[in-house]
Amino acid sequence: MALPVYSLKSHIPITTIASAKMNYTPNKGMITANGRSRRIRLSPNKIVACAGEADRTFPSQSLEKTALFPDQFSEKNGTPSNFTPPNREFPPSFWNNDIINSITASHKVQTGDRKRIQTLISEIKNVFNSMGDGETSPSAYDTAWVARIPAVDGSEQPQFPQTLEWILQNQLKDGSWGEEFYFLAYDRLLATLACIITLTIWRTGNVQLHKGIEFFRKQVVRMDDEADNHRPSGFEIVFPAMLNEAKSLGLDLPYELPFIEQMVKKREAKLKMITTNVLYTIQTTLLYSLEGLHEIVDFDKIIKLQSKDGSFLGSPASTAAVFMQTGNTKCLEFLEFVLRKFRNHVPSDYPLDLFERLWVVDTVERLGIDRHFKKEIKDALDYVYSCWDERGIGWAKDSPIADIDDTAMGLRILRLHGYNVSPDVLKTFKDENGEFFCFMGQTQRGVTDMLNVYRCSQVAFPGETIMEEAKLCTERYLRNALENADAFDKWAIKKNIRGEVEYALKYPWHRSMPRLEVRSYIGNYGPNDVWLGKSLYMMPYISNEKYLELAKLDFNSVQSLHQEEIRELVRWCKSSGFTELKFTRDRVVETYFAVASSMFEPEFSTCRAVYTKISVLLVILDDLYDGYGSPDEIKLFSEAVKRWDLSLLEQMPDHMKICFLGLYNTVNEVAEEGRKTQGHDVLGYIRNLWEIQLAAFTREAEWSQGKYVPSFDEYIENAQVSIGVATILLITILFTEEDDILSHIDYGSKFLRLASLTARLANDIKTYQEERAHGEVVSAIQCYMKDRPEITEEEALKYVYGRMVNDLAELNSEYLKSNEMPQNCKRLVFDTARVAQLFTMEGDGLTYSDTMEIKEHIKKCLFEPAT
């Protein structure tokens, strides 16, 4: 049959293959005319001739009236008279054109924003590059203790007069001393008491002294109403001891108040727990508060527990107290070292090098700006890893005491970045009752340290029971904290720690997509958060307005690009005729979110487009094969795909023509892009993937039509293909900016199999009951029950869930272990498995996205700017 070719100008048939020496090659989508080739795309209402780089489109008259398959769009459908498609309607897409256009008109990224982004990146790189032993704010409390030290030359002057001058110059307007930008009564009371004692000792600053006493007298009577949630570390030890000292100095302060009596009782109870054996042989947190233990401590014995740097747990106050009792030169050298750094004051804790580096890395990662600082992050983590200890780490490289907060943060981040670290380090912080605490042998724990252990526990590998124990313990603790309205922290005062805990519990790692976490943390991050030792302190390299500003600008810039891509994909879907199909789900935006929530960077634009198009086609063909198409139609469609033959279109009903042309055109276009990217032809490779996919769909259709329930193993073998994850990924990886990618992953890859299997099991767990109501008899749960007729449905469900959890742990191991698979490919595979967990969190989130929380996630990630 002669094929007419349409003139690009007149739209009139100008020749035929016979008269123009033209050849049409169906499997390549090419027309060759007089020796020149053009690729064509066919769709229900147009032919697009591709010449050179640009597509040139010319409308045809209705194709059923032409000689190009003259009956291809006729009303005949060839459906067997005894086949009736199921009467199942899917919800329409929430994301229609009006909604998309109205939302995406909300903001545009300006040129000034892009310049500001570059400026902020440069400034934050400077933060990384200037990290030393830790940037932290002044501690009036510790500075007052250092200012007490008399000159070592015997003169009646302070050894560090600049610290005394700092106290005189830094009294706050209300007469107190302490953290200026955050009022915490405990902090102000303790710092003020320390300062007025120091001024009394040196008989100076009468004005400041009287103002300080006045503040103290007014504030201490209000302390009965203060909650214990943010009482500074060691307050009950040092505060009563300092009151005794103030009394001996003749300071006119109230000493008989209920609050003071309560603190005295707490101190006595704590001192009773201290044994001589522990005090002088084991480094514990008591070393942090030695200034409050002078009446019971033999300071000559305590010296042997001194840290390498000469301090006692990095506390200037504790170290100053020991020096005044012993004259130890290493104590003095430490204080001189700190003052060389800070000049006229000292911080609450120093150094804080490990703490600062880990929290800065965690901050930029959670805010989604880490891609701008890859080298800086590696340098910071190399430093931390060089200090890693199998017993755990503390806040500084030479800290003699490990804490679970820094250890858990370090374990999680180092493992995620490929460092070899063992979770056995957590055993240090587990007591005989199976509970986890911040310090070995202590009973203290707070929300942030338990939250960090919980986050850490989720990067577990198979067989790591300590991680499972940590997860159960911390999850229980955090849920109780929320239920009891006790989501306050012992170690930090954060903008929205409750929000952080709620997010972590609702969206654990395998369900939390990167952009979803970023959007949440932008709202929870506090650029003015403060930490709590013996006094409040700020860490400007951790809590910083610049991080938040960059996070918002960067998020909105990327989001603007994503919106442009969505509009293009919606147009593609419409021009392909897919919106006219009534039997399937229109889920362009949802499938785009599935990839953009992970591979969000501008350089992965083609990757996102391909992922979305393949996903849309999978949804359509899944619905076609899953009951709407008759057995003969399915067989015909599969044969057309196998032969890649457009001539079979004339035997198809209209809806199948749309499906086949959409698949045909998209695969050819993707293959051409893949050839450019990979440097070799990939059309055969992509077609083969689709043949495998449709074979799996066909097998499921045969099971459904025959009411056949396979064995569990037989089901799993097919189901991990039919879920479509492998088809999506094995095509999309061609566009992850990696060379020779196909040498690293294929259908036999364990990593890919686990991603497919966990996605399938998650889907079955949440949808099998609804599918059964629609006549489906095959799911992992039903197949497992067939193999074991004696078990209940609940037991089968429990088994399938346990299998999925174990496979997720295996997936962790495959993702994080060191091998030759490129990181971008790993990330795409792993996050596709994660997004499957997210979509099935409440049920079938793809089908019913308009009524589930997934809709809100899409809004926040793709349409609502961060403000």
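A Cβ is built for glycine as well, from the same backbone N, Cα and C atoms used for every other residue.
Per Swiss-Prot, the features are:
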type: BINDING; residues: LYS270, LYS490; note: substrate binding site
type: BINDING; residues: ASP622, ASP626; note: Mg(2+) 1 binding site
type: BINDING; residues: ASP622, ASP626; note: Mg(2+) 2 binding site
type: BINDING; residues: ASN763, ASP764, THR767, GLU771; note: Mg(2+) 3 binding site
type: MOTIF; residues: 403-406; note: motif 'DXDD motif'
type: MOTIF; residues: 622-626; note: motif 'DDXXD motif'
type: TRANSIT; residues: 1-49; note: transit peptide
*Those binding-site residues, out of LYS270, LYS490, ASP622, ASP626, that come within 10 angstroms of ASP764 (Mg(2+) 3 binding site) at the Cα*: none
*asked:* Measuring Cα to Cα, how many Å separate LYS490 (substrate binding site) from ASP626 (Mg(2+) 1 binding site)?
replied: 55
*asked:* Give the nonlocal contacts of the motif 'DDXXD motif' (622-626) in its own chain as ranges (CB under 8 Å, at least six residues past its ends).
replied: 90, 583-585, 634, 637, 655-656, 659, 694, 697-698, 700-701, 704, 722, 724
_Give me the sequence-ordered set of same-chain residues, not including ASN763, ASP764, THR767, GLU771, with a C-beta within 8 angstroms of the centroid of the Mg(2+) 3 site's C-beta atoms._
ILE765, LYS766, TYR768, GLU770, SER779, THR840, ASP844
*Where DSSP helix means H, G or I and strand means E or B, what are the helix, strand and coil counts for the motif 'DXDD motif' (403-406)?*
3 helix, 1 strand, 0 coil
*Among the binding-site residues ASP622, ASP626, ASP764, which residue has its Cβ surrounded by the fewest other Cβ atoms within 10 Å?*
ASP622
*Mean pLDDT for the motif 'DXDD motif' (403-406), as a whole number?*
96
*In this structure, which of the binding-site residues ASN763, THR767 has the fewest other Cβ atoms within 10 Å of its Cβ?*
THR767
_Helix, strand or coil for ASP626 (Mg(2+) 1 binding site)? Use DSSP._
helix
*Which of the binding-site residues LYS270, THR767, GLU771 has its Cα closest in space to the Cα of ASP626 (Mg(2+) 1 binding site)?*
GLU771
_binding-site residues compared (LYS270, LYS490) - the one with the fewest other Cβ atoms within 10 Å_ = LYS270
*Distance, ASP622 (Mg(2+) 1 binding site) to LYS270 (substrate binding site) (CA atoms, angstrom)*: 67
*Round to the nearest Å and give the CA-to-CA distance linking THR767 (Mg(2+) 3 binding site) with ASP622 (Mg(2+) 1 binding site).*
15
*At the Cα level, what's the spacing in Å between ASN763 (Mg(2+) 3 binding site) and ASP622 (Mg(2+) 1 binding site), rounded?*
14
*Would you mind checking how many other C-beta atoms are within 10 angstroms of the C-beta on GLU771 (Mg(2+) 3 binding site)?*
18
